[in-house]
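Notes follow once the structure below has been shown.
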Amino acid sequence: MCRGVPAGCLCSPRPALVFDACGRGSLEDVLMADDIKLDWTFRLSLLTDLVRGMRYLHASPLRVHGRLSSRNCVVDSRWVLRVTDFGLPALIRAQALPQPLRAARDLLWTAPELLREQGGGGRGTQPGDVFSFAIIMQEVIVRGEPYCMLALTPEEIVEKVSRPPPLIRPSVSMGAAPPDAVSVMRQCWSEAPDLRPDFHRLHDIFRHLHRGRKINIVDSMFEMLEKYSNNLEELIKERTEQLDMEKKKTEQLLNRMLPRSVAERLMLGSRVEPEEFADVSIYFSDIVGFTALAARCTPVQVVDLLNDLYTTFDAAIEQYRVYKVETIGDAYMVVGGLPVRTRDHAESVATMALHLLHLAGRFRLRHLPDTPLHLRIGLHSGPCCAAVVGLTMPRYCLFGDTVNTASRMESTGAAWRIQVSAATAERLMAAGGYRLRSRGLTMIKGKGAMHTYWLLGKEGFDKPLPTPPPLQSEEVLFEVDGESECESSPAPSCSPPPAQVEPSATPTLPAPLVERQRSDPTSVADKQ
């Protein structure tokens, strides 16, 4: 409470009362500030200061406050609560001035008997101050406005408080504060004034709530500091664990976007220089007729299709020493032999291609279960360069003629077939165990005619492969009658068989071109 009598200035034209400045603002301001954390000890200390101040005021010549509320209880910089605005009604009466009208919002702290007798604008009473203290207790306990739990306007609340029944009071559960404190609050807002304890009695009750100790805000702050110190280590441990979890999530996300070795260098702040690889094997695949298939689907169904398919592929390729580079639309790109250099990259990519072809044959669309998904695959081996491109969304990209040729192996292939270049075929035949069939010469954009092969299977690979749709009639006859299939293990190379062509049937061409002419209408001979 403000000690002594406040300084007064009665000079014309505007009289004023001067109190000590309290930097924390009113009690209402403190309670409504979400950034101010008040535990029960803090709140009890503020209420104790209020009880002590009102006990002093009721024993003084003023005898009564009359307009007590959380708005005229102020908190100074040392967290001590002080009572202000006392004696104003008496000063106004002494000057023979009319009492100012009070809004319904300002009457929420007024006792019911004062609302009935004087409309809340007359002289207050000591039991009326106790009722006002009870409403302030409700504000402190729930950290809310008076009667905040009732969906009523201030006018409706004032009307119901002044004219019971029913008796209307704030609703505060026993668990919101210590039961003794809630019980005292309910006694203080009793309908009968003589049932309310006076502030001398309240002073003794609050001493009991403090268990006989003299505690103020400073003592409470020291107690809180001690608690914070005891809990700080546990809090730091918990936050550290959360930070480690978020760090692991970030690392996992980065490792999905980039190779692990590259991601580790980026996390260390090192620059990732472009790197050349002398020998790698690259896989490309896409869905034959994807544009027509997408036209039969909604956008969401297209997304579900690709997500289901490539989630299946992603899980499968984890069994092999390969790296998934990217997916663009329906295209899927994988490389073996980088970023970790391996000697058996061709075998890893080839076996993986057979596995993915097996999965594609078994794949069923959710909305079109009877529609097959024709996957077309191409493989090529050779040198390439790898580098991280971009900062906002970094990508690990491959560059070089090997990438372009692998893409051409896929685009010039056929549904449910794996077309491999001669470079990849040589590596597979050297490794042994792979079944290859010569396709003959294929026109590759930017490369001219290239001898390519179909990868048909591998010894020990027992997963069933889908039966590919038949090629054009000439190539079907060649595959059945020409017997150009070869096992990679016993033969050092796989060359097409010599073509038996009548001299008058075609002009004289090199053997591979003649064979290609028989097997594919888009052969070099047709273009001549």
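Count begins at 1; order follows the chain as displayed.
For all residues, glycine too, the Cβ spot is worked out from N, Cα and C.
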**Prompt:** Of 218-249, 442-473, which span is tagged coiled coil by TrEMBL?
**Reply:** 218-249
**Item:** Secondary structure content, the domain 'Guanylate cyclase' (281-410) (per DSSP, counts of residues)
**Value:** 53 helix, 39 strand, 38 coil
**Rounded mean pLDDT for the residues that make up the domain 'Protein kinase' (1-206)** = 85
